[in-house]
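**Q** Dropping the structure in here first, questions after.
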Amino acid sequence: MWHFAVSVFLVELYGNSLLLTAVYGLVVAGSVLLLGAIIGDWVDKNSRLKVAQTSLVVQNASVILCGIILMMIFLFKTQLLTLYHGWLLTMCYILVITIANIANLASTATAITIQRDWIVVVAGEDRSKLADMNATIRRIDQLTNILAPMAVGQIMTFGSPMIGCGFISGWNLMSMCVEYLLLWKVYQKTPTLALKSARVEESELKQLNVKKECDVKPAEGVQLIVEKDVTGFEPQQEKEISCAARIAEPFVTFRDGWVAYYNQPVFLAGMGLAFLYMTVLGFDCITTGYAYTQGLSGSVLSLLMGASAVTGIMGTVAFTWLRHKCGLVRTGLISGVAQLACLVLCVISVFMPGSPLDLTVSPFADLSARLFESEPLPTIVSPEDKSEMVFATGMPNLLNGSTTPANSDPEMSPEPVPLISVSLLFAGVIAARVGLWSFDLTVTQLLQENVVESERGIINGVQNSMNYLLDLLHFIMVILAPNPEAFGLLVLISVSFVAMGHIMYFRFAQKNLGKQLFVCCTPDPKAVSDSSPPGNTSTV
């Protein structure tokens, strides 16, 4: 719900420009890029229940606070514009983005511990059960992506953004309590969640606890024997730790996490998934912001997002079926082909009537005007003005400070803009979700099956960092070219990166299956490298 609403709120605040949404995305991507490994390391070093509860509370509390601040901005924006020459309003923007970024970091920790760790422990060694649970969790996510945006979109369309902020704050307060109780029940019903192995590295001996290590589960075998042997050196090691070593520890963790990620047998598969994040062809704040500038209302956008969630659910069904028929590795290959085939519609939409593509309009002129010229900040669009922006009648006037409408012909401005371009764009984006989510589930399970338990947090943290690194690049693209006239070019670049990602995955599949890659009638082996149980197949 918050993921959908925040992009619309930022577009509303900044006068139908994608610039503020791109800055928000840039901050979020940069934070996870720098802190992903550290967050994952924190997940590995703490008990599962503590990590889940802490991240859940921080995430929801941040969203509630952010919603309250946004309500105040919408309510008093006119007064804020007059105080300190608008700098107070700018500080409010910074505060909103900062708190929203904290919520996203907490959400990252929650996703790592629940979807990458808890679920593997609950499933045990049954990989078919693990696949079914992954697909079920993703279906729940997609169902919430149908209902939540529809609710927020209708409230914002027939109510106001301020009411939408209040609704989200209240909803998160209620859902936080429910989620907290559900996590506690799952933890109580799965005793193995209380047992957690720890990484053994020289730089981490200070983290070991002698009493706890003497009471570990026998199933951890040789690894735990090594851990017990080194615990005797703990007191001396703690005394030798200097202040400089403590300061350098996050940087060492960052380096070691990326090195470990590179050495994983599923490195190319993870890189392939990361390259899919270098795209504007998803229902993130950029695409929804672009559609919003084209005149699509929050209600229409919520319905489109609901349709994409339906196709996402279809992707989870396709994943379980393909995995059973063709094997896990081949499922990713088939999913990639399906996604690329659907994205062809997006490429075609760039050149169809109604497309705002116009490379003669300089994107840097708008950027410099907003950043360096003494131009007053945009004001909120009133509901009366919104009623004129029906998507079938054309685009809003003077988007992004342009001096002409998007159709670039003043004489034709009263006539409706053809819908064929935007229709093909969203048809391609929505249809591609089938292949996208099937591919995402494939790589997710490959990581779950081939990363040792004591490294799941840090490896998945680095995977999130890699995802956000490519996500960061796509936000930089939008910051450099925020005008709707340049969006078509961003579409072409996005499809190119998606293609490169699937080429990387093809190379991974070819290395692991060889000549058996195209034999789809027999499932591939249970693991990429050998037939060991999940969580014990990788050596770093």
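Cβ atoms are placed via backbone N, Cα and C, with glycine included.
According to TrEMBL, the feature transmembrane segment maps to 20-43, 55-76, 82-106, 266-292, 298-321, 333-352, 417-436, 457-480, 486-506.
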**Q** Tell me whether the transmembrane segment (486-506) sits in contact with the transmembrane segment (20-43), defined here as at least 3 Cβ pairs under 8 Å among residues 6 or more apart in sequence.
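**A** Contact absent: fewer than 3 Cβ pairs fall under 8 Å.
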**Q** Are there three or more C-beta pairs under 8 angstroms joining the transmembrane segment (266-292) and the transmembrane segment (82-106), sequence spacing 6 or more?
**A** no
**Q** Checking distant contacts: for the transmembrane segment (333-352), what same-chain residues at least six beyond its ends satisfy Cβ-Cβ under 8 A?
**A** 272, 281, 315, 318-319, 322, 326, 418, 420-425, 427-429, 431-432, 434-436, 438-439, 442, 488-489, 491-492, 494-495, 498-499, 501-502, 505-506, 509, 517, 520
**Q** Given the cut-off of 8 Å on Cβ pairs that are 6 or more apart in sequence, determine whether the transmembrane segment (20-43) and the transmembrane segment (457-480) share at least 3 such pairs.
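**A** Checked: the transmembrane segment (20-43) vs the transmembrane segment (457-480), in contact.
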**Q** Give the nonlocal contacts of the transmembrane segment (298-321) in its own chain as ranges (CB under 8 Å, at least six residues past its ends).
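**A** Those are 4, 8, 131-132, 134-136, 138-139, 141-143, 145-147, 149-154, 156-158, 283, 288, 291-292, 331, 335, 391, 426, 429-431, 433-438, 441-442, in sequence order.
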